[in-house]
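Right, one structure below, let's go through it.
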Amino acid sequence: MKHIRNFCIIAHIDHGKSTLADRLLEFTKTITQRESQAQLLDNMDLERERGITIKSHAIQMNYILDGQEYVLNLIDTPGHVDFSYEVSRSIAACEGALLIVDASQGIQAQTISNLYLALEHDLEIIPILNKMDLPGAMPEEVKDQIIDLIGCKREEIIPASGKTGLGIEAILQAIIDRVPAPVGDPEAPLQALIFDSVFNSFRGIIAYYKVVNGEIKKGDKVKFINTEKEYLADEVGVLKLNMFPKTVVKTGDVGYIISGIKEAREVKVGDTITNVARPSMDAIQGFEEVKPMVFAGIYPVDTDEFEELREAMHKLQLNDASIVFEPESSAALGFGFRCGFLGMLHMEIIQERLEREFDMTVITTVPNVSYVAMTTRGEEIIVNNPSDLPDPSKMEYVEEPFIKANIITKAEFVGPVMSLCIQKRGIIVNQSYLTADRVELVFEIPMGEIVFDFYDKLKTISKGYASFDYHQIGYRKSDLVRLDILLNGEHVDALSSLIHRANSYDFGKRICEKLRELIPRQQFEIAIQASIGAKVIARENVRALRKDVTAKCYGGDISRKRKLLEKQKKGKKRMRQVGNVEIPQTAFMAVLKLD
Ligand SMILES: Nc1nc2c(ncn2[C@@H]2O[C@H](COP(=O)(O)OP(=O)(O)OP(=O)(O)O)[C@@H](O)[C@H]2O)c(=O)[nH]1
């Protein structure tokens, strides 16, 4: 135990965490250069394509320093806010953290929020100034920022580059010298903290844990304290490049367990494993049920494919326990599912996986957050779909989730950032200068206002010099109304949204204009109306189509005509007929496209 070091890497997105991790793995010969495809740890295809770490992973390195062999467990953490609970669990399994800061970018919002998480768990922080090879690196300036932030000594900051390999040896030395060995009682009953799990189609769910006290042996009967389920430890071991089976994983070490679990739902990140024969009564603290934040309807384009979609969703849920879904029906879209996601990125990933892995073509409706409505009869209703909002006459009030948003930007962008936040119904609670040129702004904002395009807008108005991070701070009463859309007088339930009363007129007008652009002209005129209750507040028309689309090809060559028709057919793939109007997928997402 004395020679084990458990550490994670925390960084703002794109500051070079995965690249640096690869260099550490190469240097310790955990992987050979040949095995080191770019960003080895990101082994899901989607992760590699998007260049982000979606799930945390762990890997063990062996390193000899001054004749002593050390076991270094690196726990990789995801960098995106959608997955922040996983970051917090990974951090809880470590004694130290490498805090990576891009020398050309300086400290960003997630550097700070992840740092706070690490400090909450009393982790030893090793500051690293990465990307020193970049011409735009500003080492002295960024060092000042780091010193201000964590109060370390200048010489404690390690200059590094994941690209050239600068600083790698110094980092390993610092991990051994500065990160404390795990503490724990080898004689005590087993307590192992689950910080991640993965789905393997052959072996079922593989859970990753850190043994906090006691030990876990192959063949043990174990129990997961929060779910109260018992399993046989078919295989335990440590994580190298591949799984490395062992007969026992001891106190302080990081390992995996395979026990025939088939569904991701049964393994909850943050849960504690104990031994059935000699149980610990206490779970390790900090366990939370992960709650979805964003909801949207997912419908098969082809109504016959509902059962296939159900099967695909179930399969996805087997390896991603954070998706929830239940059947719903929409007058406009037929049968589908209301699905809950951790955030917008998570939603996009699920949609993409449905298409790639299950070959499903789906229509997704506008995402919304989860509201709470209090009825006049004193019932509390959770509203995950705007259509479920009770009639105003039967409702006392509605509450919406709020977040605390942390934004770091340059002083010159404070004005525009503030106006954006205020436009999104934000309330500023703090403003502080980190340096003469860098400002941290703290806002409380309704979550519904930021889930869509907030981050994009923030990036645009700050020319990319703003970083953003948030956490939920609970529900508050709001004056929300349901805005409905009618097409030729017919209410399209999938286009309803909840909106603050003060913004509803402007919003109604803009959404009608946007729909007019997105709904293609058809054989007849289409009236687009926005209404609140029975009152129509905006209207636009899509004029009738006069000419045949192929008309301009008359006399032209036939192949061109066929191509045009085919193109049209493809475009139609994601269309839905509502009443007599055909609505394209893009229209269901119109809200996201408002300027
Ligand atoms: N010049 C230079 N580029 C680097 C260095 N380290 C990483 N990069 C580049 O920076 C980008 C982001 O690197 P990643 O390692 O994927 O960053 P990350 O922090 O792991 O990103 P997430 O996993 O998404 O949080 C990639 O394009 C890398 O090639 C470095 O030391 N120097």
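Even glycines carry a Cβ here, placed using N, Cα and C.
Keep in mind that this is a model prediction, so the values were computed, not measured.
What TrEMBL says about this one:
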BINDING   D14, H15, G16, K17, S18, T19, N130, K131, M132, D133  GTP binding site
DOMAIN    2-183  domain 'Tr-type G'
Looking only at S18, N130, the binding-site residues on record, which one has the least crowded Cβ, with the fewest other Cβ atoms within 10 Å?
-> S18
What is the total of other Cβ atoms whose distance to the Cβ of M132 (GTP binding site) is within 10 Å?
-> 20
Number of other Cβ atoms within 10 Å of the Cβ of G16 (GTP binding site) across all protein chains = 23
Quick one: mean pLDDT on the domain 'Tr-type G' (2-183)?
-> 85
Where the record says D14, H15, G16, K17, S18, T19, N130, K131, M132, D133 bind GTP, what is the longest distance in Å from one Cα to another among those residues?
-> 17
